[in-house]
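A.B. asks: Sharing the features that TrEMBL gives for it:
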DOMAIN    52-253  domain 'TLC'
TRANSMEM  16-36  transmembrane segment
TRANSMEM  57-80  transmembrane segment
TRANSMEM  100-118  transmembrane segment
TRANSMEM  125-146  transmembrane segment
TRANSMEM  181-204  transmembrane segment
TRANSMEM  224-241  transmembrane segment
Amino acid sequence: MLRIVDESSFKFNDEYLAIIGYSYMTFMALFSFVLPKVSNKLFGSYERLSSSQKIEWNTRATSTIFSLIVSIICSYILIIEKGLSASPLLYDSELVKTNISIVIGYVLYDLTIMVLNFRMIGDFFTIFHHFLSLFGYYNSLAYSVMPYFANFRLIVEFSTPLVNMRWFLYACGYPKDSIHFFLNGISMTLVFFMARVMIIPIYWFKVYSVIDSPLWLKLKYFRHLMVVTCFFLDIINIYWFKKMFKGAVIVWSTNWQYYEKNHKNQQIEKLKSKLVNNFVYQSTLNGLNLVANPGRFIGIGFMERLSVPRIVFDIFRNNTNNNRETETHRDDDIDEKNKNC
């Protein structure tokens, strides 16, 4: 439903405060009670983590759940609600407001956890990012302005699960030169670029398309708020991607041959292990047959039936023949000496 813009359109709307409260309490319960118990049962490495690592594990697990929920709702809104794109500056959508309320509740929860555990997981850069997000989403929810842009920014949450997965791999003991880290790093960089960097020109082109509209001028300070907060959020995302991209280039350029060689070595070791196991099995089986039928296992035939590798059998047989030839030559030499005498 499209609202008519006048002074009354920008009055504070508190009808979604309950959803914010439910969101805050839900994520706090996940962090404090649910995820510690579930993680302890499903992951053996969780119990070995330090206190600070357990806190970060729970925050990242909560973050992953949040990002999946919000990004799915965001995508659904962009696909289904065609009126939102047609009227991006002022549009009344209950689903958009519900999604934004979930976001605000989560951001408040995350700020609470960071402040209470600042020495272990605190980060001023992330706190600054959270305050910018909180300020922008609060105004969009409270005054029903720019819902399209507020919802569009939530596309960035698609990259969060892979970012968290990298930390989980490290916490579970996977080496950084493993194929798991390699695949996660490349996927994380690609998805981060698509969800946080590639959408930047799309977003600002949409902003440019509404700048000349009369409605834009009536939004007063809200338009400046949107431009400033989103500009700084984009700078932060570009900064994060720059660091991520450098790491991905290093991994791709220097370690690909190592991963390929390491994978081949693993296949060779598996083949060796399989051959050894088969040899032990056959040797044990033939040993039992030897006990049961000793008359059938005599001389060279005995060694063949023990499944000794063919090369060992050939070496044994060649050595035996050489020894026999040497003894024959010695006997001939002795006979010649006796004749000469």
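Backbone N, Cα and C define each Cβ position, glycine as well.
Keep in mind that TrEMBL annotations are predicted by a computer and have not been checked by a curator.
Tell me about the setting of these features in this model.
C.D. replies: Taken as a whole, the domain 'TLC' (52-253) shows an average pLDDT of 91 in this prediction.
Within its own chain, the transmembrane segment (100-118) has Cβ neighbours under 8 Å at 16, 19-24, 26-28, 31, 52, 55, 59, 62-63, 66, 69-70, 73, 126-127, 130-131, 133-134, 137-138, 140-141, 147, 150-151, 154, counting only residues six or more beyond its boundaries.
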A.B. asks: So what's near the transmembrane segment (224-241) in sequence-distant terms, Cβ-Cβ under 8 Å and 6+ beyond its ends?
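C.D. replies: That would be 125, 129, 132-133, 135-136, 139, 146, 149, 153, 156, 189, 192-193, 196-197, 200, 203, 207.
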